[in-house]
Amino acid sequence: MNAAGGGSGSQAAGAAGGNSSLSHNALLATASGATTMPMAQLADGWLELESDPGLFTLLLKDFGCHDVQVEEVYDLQKPIESPYGFIFLFRWIEERRARRKIVETTAEIFVKDEEAISSIFFAQQVVPNSCATHALLSVLLNCNENNLQLGDTLSRLKVHTKGMSPENKGLAIGNTPELACAHNSHAMPQARRRLERTGAGVSSCRFTGEAFHFVSFVPINGQLFELDGLKPYPMNHGGWEDSEDWTDKFRRVMAERLGIATGEQDIRFNLMAVVPDRRIAITHKLKMLRTNQAIVSGTLQKLLKADEQGESGNGDSQRPDTPTTLLEPSAFTARDLQSLLKNLDTEIAINEQHLADENDRRHMFKVDASRRTHNYDKFICTFLSMLAHQGVLGELVSQHLLPSKKVSGQGAANRISKQSTTASAGGSTAGASAATPKTQQQQAAAAKNGKSPSKTPGRRRKGRNKCRKRK
């Protein structure tokens, strides 16, 4: 599902910045080395993005986080390997009854303790259309740094915003040049035209009655948190059992949430998982398999060589000592090692194909991004102008319009013919039904007089007239 997720700020970024004690120079310092941009252009120039895992993966790379990817989740029950967090895209309708039920449910789990809020990265969305970046950062900046390499930009942002209020963290995100440029570089041209029509600083989502909004679900200190930039506080859904994974708790929360949200048959939502780059795990597994392949192959060669020497009687017939190998030669026969080597070759081929598939996916992400962000307006206008200049545009338009007219004319003729046929058939049927009772009475009278009912009285009269003429 590719829905544009815009989201709305709780207030204009400029107004929020005026009330904030955080200086604009400090905000721009989070992106050292970046080109200076007007503050209004940074805060009010964010564009809507589509909900696409390929787009989000490339956006993470542009942020400087290279070892992460985003995958779309189609089945909640299917296990997901080592997710950092989940991003939930849902249809936002302020006045919807199901929305009020969700608000009433989540209000009970708000975390209002300032110390607890400052210990996690929770940013309020004060900049319109930035909820996609907010959702990604809510996952990445709450992960353990030992498991994830954030890159220079996100690392500086995390350090700089430590201890800030959620509002100031939202301003820091909206006024970081690298984040704004990376975000807008993946927007469609229609989003830019829509922003120019509505005007900067005016939300195109929340206050128009309907939108699509992103929220994040991440595990923090043994608790499942829901981070929504349009909410005043983060939400704590509680912990999970010792025998469970945090994704089991997430599945239960999502099942309940979707059950409430789909009460009015509205199932427009999308779920994505932020996971480690699959290519890293595949590459590591390939390296291990190739190492084992070399060990098994070397051990097999030594074993075959020792057997040949034993059979010829030349040299020592004892098995070779291979302390550098992981396999003990005496525990395996040559046939066992050959079978093991064959299995390793198969596993290597399978993982090489998986790695090639992942690389092809990344290539297609870039191709789709080029198609998505390219502005085709100039090409289309130039192409149509050239056709008009050559005098063939009108002919092409007529050729494409005539078939539809012919089809509509044929359809009308078929309808008239069908109506005429139906009317004729109806008249014949009425006449036959009117004559049927008289014919039945004549046949009944003939049967009563002992005469054959096969001939009608009219035919007998004709026969008598012919006889009289002959006489």
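Every residue number used here counts from 1 along the chain in the order it is shown.
Glycine too: its Cβ is placed from the backbone N, Cα and C atoms.
Feature annotations, courtesy of Swiss-Prot:
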DOMAIN    45-276  domain 'UCH catalytic'
SITE      GLN125  site 'Transition state stabilizer'
ACT_SITE  CYS131  active site, nucleophile
ACT_SITE  HIS213  active site, proton donor
SITE      ASP228  site 'Important for enzyme activity'
DOMAIN    375-403  domain 'ULD'
REGION    405-471  region 'Positively charged C-terminal tail required for binding nucleosomes'
REGION    412-471  region 'Disordered'
COMPBIAS  420-448  compositional bias 'Low complexity'
COMPBIAS  457-471  compositional bias 'Basic residues'
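A straight line from the CA of ASP228 (site 'Important for enzyme activity') to the CA of GLN125 (site 'Transition state stabilizer') spans 8 Å.
Each residue contributes its Cα atom, and for HIS213 (active site, proton donor) and the residue listed as 'active site, nucleophile' those atoms are 7 Å apart.
Rounded to a whole number, the distance between the Cα atoms of GLN125 (site 'Transition state stabilizer') and CYS131 (active site, nucleophile) is 7 Å. Cβ neighbour count for ASP228 (site 'Important for enzyme activity') (all protein chains, 10 Å cutoff from its Cβ): 24. Counting Cβ atoms from all protein chains shown, the residue listed as 'active site, proton donor' has 24 others lying within 10 Å of its own Cβ.
Counting every protein chain shown, the Cβ of CYS131 (active site, nucleophile) has 33 other Cβ atoms within 10 Å.
The residues of the domain 'ULD' (375-403), classed with DSSP into helix (H, G, I), strand (E, B) and coil, number 24 helix, 0 strand, 5 coil. DSSP assigns CYS131 (active site, nucleophile) to a helical segment in the three-state reduction.
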